[in-house]
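Visitor: Below are the features listed in TrEMBL for this protein:
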{"type": "BINDING", "residues": "Cys378, Cys381, Cys384, Cys427", "note": "[4Fe-4S] cluster 1 binding site"}
{"type": "BINDING", "residues": "Cys388, Cys417, Cys420, Cys423", "note": "[4Fe-4S] cluster 2 binding site"}
{"type": "COILED", "residues": "437-467", "note": "coiled coil"}
{"type": "COMPBIAS", "residues": "583-592", "note": "compositional bias 'Polar residues'"}
{"type": "COMPBIAS", "residues": "600-621", "note": "compositional bias 'Low complexity'"}
{"type": "COMPBIAS", "residues": "657-666", "note": "compositional bias 'Polar residues'"}
{"type": "COMPBIAS", "residues": "698-713", "note": "compositional bias 'Polar residues'"}
{"type": "COMPBIAS", "residues": "821-832", "note": "compositional bias 'Polar residues'"}
{"type": "COMPBIAS", "residues": "862-873", "note": "compositional bias 'Polar residues'"}
{"type": "DOMAIN", "residues": "369-398", "note": "domain '4Fe-4S ferredoxin-type'"}
{"type": "DOMAIN", "residues": "408-437", "note": "domain '4Fe-4S ferredoxin-type'"}
{"type": "REGION", "residues": "573-679", "note": "region 'Disordered'"}
{"type": "REGION", "residues": "695-720", "note": "region 'Disordered'"}
{"type": "REGION", "residues": "734-761", "note": "region 'Disordered'"}
{"type": "REGION", "residues": "777-802", "note": "region 'Disordered'"}
{"type": "REGION", "residues": "819-843", "note": "region 'Disordered'"}
{"type": "REGION", "residues": "859-884", "note": "region 'Disordered'"}
{"type": "REGION", "residues": "911-933", "note": "region 'Disordered'"}
Amino acid sequence: MFNLFNWLKKDTIWDFSGGIHPPEMKLQSSQVPMRVASIPEQLIIPLQQHLGPEGELIVKAGDHVLKGQPLTRGVGRTVPVHASTSGTITAIKPMVTAHPSGLKELSVCLNADGEDTWCELFPEPNYLQLTPAQLLQKIEQAGIAGLGGAGFPTASKLAGGKDAIKTLIVNAAECEPYITADDRLMQEHADEVIEGCRVLQHLLNPDQILIGIEDNKPDAIAALKKAITTHDKHIFIRVIPTKYPSGGAKQLTKILTGKEVPSGARSSQIGVLMQNVGTVVAIKRAVIDGQPLIERVVTVTGESIASPGNFWTRLGTPVQHLLQQTGFTPATEQMVIMGGPLMGFTLPDLNAPVVKICNCLLVPSIEEVGQKPLEEACIRCGLCVDACPAALLPQQLYWFSKGKEHEKAQKHNLFDCIECGACAYVCPSNIPLVQYYRQEKAEIREIKQEERRAAEAKLRFEAKQQRMEREKLAREERHKKSAVQVEASDKDAVAAALARVKAKKSAATSAIDVIVGAEPDNSAVIAARAARKEQARAKQAEKQAATMIAEDNTNDPRKAAVAAALARAKARKAATAQESKGDTVTQPTEANEGNDPRKAAVAAAIAQAKAKKAAQQEATASENVEPTGADEPAEVDPRKAAVAAAIARAKAKKAAQQETITSENVEPTGADEPAEVDPRKAAVAAAIARAKAKKAAQQETIASENVEPTSADESAEVDPRKAAVAAAIARAKAKKTAQQETIPSENVEPTGADEPAEVDPRKAAVAAAIARAKAKKAAQQETIASENVEPTGADEPAEVDPRKAAVAAAIARAKAKKAAQQETIASESAEPTSADEPAEVDPRKAAVAAAIARAKAKKAAQQETIASENVEPTSADEPAEVDPRKAAVAAAIARAKAKKAAQDKAQLIAKADEEEMLSPAAEQPIEEETDPRKVAVAAAIARVKAKQAQKQNEQTMTE
């Protein structure tokens, strides 16, 4: 053996662990030259003949194709398949292929036309001019895959190594029994083998190319040595001992380089790349000759074959057709094995085609194979461990595979098994270990594929969830934007409406500004339009005022009465001003200086509307107003009410007399108004006021006759005796006072000329109208009350003290005189609106009011002195046993004194008024801190109380 190595001039080689030496059985076919198999009528060309997915189909049924024309397009790690001959594609459908499962795969059915015409080829004899990328492209387009049995795409394998490859190994060992395809190929086409090595040298540029060949092929070794020239300095032939499976990739790498490929790794990681001899020849033909891979050498051998040998067989040729050319005679239960006896598999159907990975068809006889031995239990002999070339533990892998312990099988490097069959060959229990390993590998691959599909499904699901979430958020965002747009559109609509209104208003205003003074003048139309607008605003203001008055009435009855009186006065004044406006042109007053005629027209329209409404309210209120004093029995004193009633009646008579004379002789109030006031307006207003006063007096007379008193039922605390006494006293006093007031009232000069120039003429006119109306109404009511009042002493309760009644009557008379004086002066000089407008009080008016108050105080003090002399001071403190006769006497005395005091009072009032109004006290600073607004408010409150007390007194007398 050592002499042989020396003769071949071999360098050092290594050995691998394990391995077996089965009978070679190669002489049956290695001594016969190769033959060319005939072309069948129909070829079945599977689309997948390599390790990886099938290519993209580029033909269809009915197409006529030529020899070498591609049928699919390679994408990625896929390689195309080509038409093995010229002909017509009859069908593209699943057909039985060369697989132990017998499953069908998509195939192209090609009917040969017998011409075997080549398609256009593109040979590259000068391949040294091509780049490595161009060479790889030609190899890929030729559809070359590993012909040693694995079927790995050659272009992908070469591209994965490139610069990292230091040693290129050409596998020519062909160690499995019966197979001689590579042996005969090297014997007959050694030059093509060496030429293919040169192409790979140019492509990969390795340091060395080692051709590993077993020593049982001397003819092939001689042919290779002959083909190598002196220029092939990097190509070396390495003859190795015959040992199975020395043709394995890892085992041959270990033998030639002494390097071991790590578990789960590739040989390219250690700088080694391996190609089969048949693959090298196919590369040479693809690059230099331009021929795709459409045929290969197939060994047909076995005792059932009459003429075994090696055949150039077109890919897609049915196995049955190839066997018929070798004199095959099928026997009972005939077995046909594709591949060698150790690594091959039995074909389920002889119609299966020859594919790229098919290197041998073994057809043994029954005697040659023998009976299939029965499988027995493992005896753990360990022979399989010794025979395993991958240094695995076959018996452990067997247990793991049989027990479906996938994880443990993987941990014991199940996938490092090359399925050589050495373990099964030495097993004394006849256990088909390789079949268990193959099944376990398939199950693990299926599990991993299922996990991969589940992971992909999970990723798709998560991506879908994320997409749906994004769409949801986007949808919500669109809804928000649409809502904002809707709101904005609504706001825009509102803004547009407001803009239109403003535009109309500004257009009207601008029209007025432009047209006034132009020809023709349309100021009248503009004024009418403005009047209509202001009239609408006035109606709205009246509604609001009515609401406010109603609220005030519910809160404070006294304030309601005062507000009603002021409203009536304002309404009458406005009516007067409106009627006078129809005859004369309105001139701007001092208070309205700077206003334009349009505002005056608007004010006139508002005043007219208010006057009409106020007149209606006045008529209704005079008929239906109920006294508010009855609603507050805890606050109203019945004695005070009776006194107030008497005072009111006296004051009414006096006011009526004064008003009659004043309305006939008084000058218009224009002298009190600023210079801008038209005197004709004042005259018209006075006439209108007199007419309205007369009409109101008539209405009040009728209303007072029909009003049913209710005060007696509302307050149980009012003393009927006191009311009767007070009523009688009031009647007498009123008659006397009326006679006395007639004379001085004729001589009274209007005080308007003495008032300062700042006095508002409208307020003065309102005050005059209020005074006249009240005078007429009070006169009518007093007349009716004095005629119809009957004493109600029979109805008084037994507990009333007559002495107290007498004292009360005297006090009432005294207070009545004082109140009458105060009311008269206040009603003549007080401003009606001063209580409502505290900020606009004139200091000179306040001085006048203070002077009047001082005069009234003096008169009241004098009257109180007289009354206090006649009243018994201890009457209020006496017990309830006072004699009623004494009380009657005291009452008579009090009445006489009251008459005398009334006469004196009338004279004093007349003189005091003249002195007070003519004196310059109004111009001097006020010594006392009397508030004129409070005086005016007190006067208004007194008038209201007087009316209420008068009505209560009338009701009491009627009952």
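Note that Cβ sites are derived from N, Cα and C of the backbone, with glycine treated the same way.
Unlike curated entries, TrEMBL annotations are predicted automatically.
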Visitor: When you measure from the Cβ of Cys423 ([4Fe-4S] cluster 2 binding site), which residues in the chain that are at least 6 apart have a Cβ under 8 Å away?
Guide: Leu383, Cys384, Ala387, Cys388, Pro394, Leu433, Val434
Visitor: Would you kindly give the Cα-Cα distance separating Cys417 ([4Fe-4S] cluster 2 binding site) and Cys378 ([4Fe-4S] cluster 1 binding site), rounded to the nearest Å?
Guide: 19
Visitor: Quick check on the domain '4Fe-4S ferredoxin-type' (408-437): DSSP residue counts for helix, strand, coil, in that order please.
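Guide: Per-class counts: 17 helix, 0 strand, 13 coil.
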Visitor: Around the [4Fe-4S] cluster 2 site (Cys388, Cys417, Cys420, Cys423), what further same-chain residues have their C-beta within 8 angstroms of the site's C-beta centre?
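Guide: Near the [4Fe-4S] cluster 2 site, the remaining chain residues are Gly18, Cys384, Ala387, Pro389, Ala390, Leu392, Pro394, Ile418, Glu419, Gly421, Ala422, Leu433, Val434, Tyr437.
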Visitor: For Cys384 ([4Fe-4S] cluster 1 binding site), just count the other CB atoms lying within 10 A of its CB, please.
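Guide: The Cβ of Cys384 ([4Fe-4S] cluster 1 binding site) has 27 Cβ neighbours within 10 Å.
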Visitor: Do you know the mean pLDDT across the coiled coil (437-467)?
Guide: 93
Visitor: Which are the residues of the chain, Cys378, Cys381, Cys384, Cys427 excluded, whose CB is within 8 A of where the CB atoms of the [4Fe-4S] cluster 1 site average out, their centroid?
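Guide: Checked against the 8 Å cutoff, the neighbours are Ile379, Arg380, Gly382, Leu383, Pro394, Gln395, Tyr398, Cys423, Val426, Pro428, Ser429, Ile431, Leu433.
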Visitor: Rounded to a whole angstrom, what is the C-alpha distance between Cys420 ([4Fe-4S] cluster 2 binding site) and Cys427 ([4Fe-4S] cluster 1 binding site)?
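Guide: Distance between the two Cα atoms comes out at 13 Å.
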Visitor: Could you give the Cα-Cα distance between Cys427 ([4Fe-4S] cluster 1 binding site) and Cys417 ([4Fe-4S] cluster 2 binding site), in whole Å?
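Guide: Between the Cα atoms of Cys427 ([4Fe-4S] cluster 1 binding site) and Cys417 ([4Fe-4S] cluster 2 binding site), the distance comes to 16 Å.
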Visitor: Taking DSSP as the reference, which of helix, strand or coil describes Cys378 ([4Fe-4S] cluster 1 binding site)?
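Guide: DSSP assigns Cys378 ([4Fe-4S] cluster 1 binding site) to coil.
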Visitor: Taking the Cβ of Cys378 ([4Fe-4S] cluster 1 binding site) as centre, how many other Cβ atoms lie within 10 Å?
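Guide: So the number of other Cβ atoms within 10 Å of Cys378 ([4Fe-4S] cluster 1 binding site) is 17.
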Visitor: Round to the nearest Å and give the CA-to-CA distance linking Cys381 ([4Fe-4S] cluster 1 binding site) with Cys417 ([4Fe-4S] cluster 2 binding site).
Guide: 20
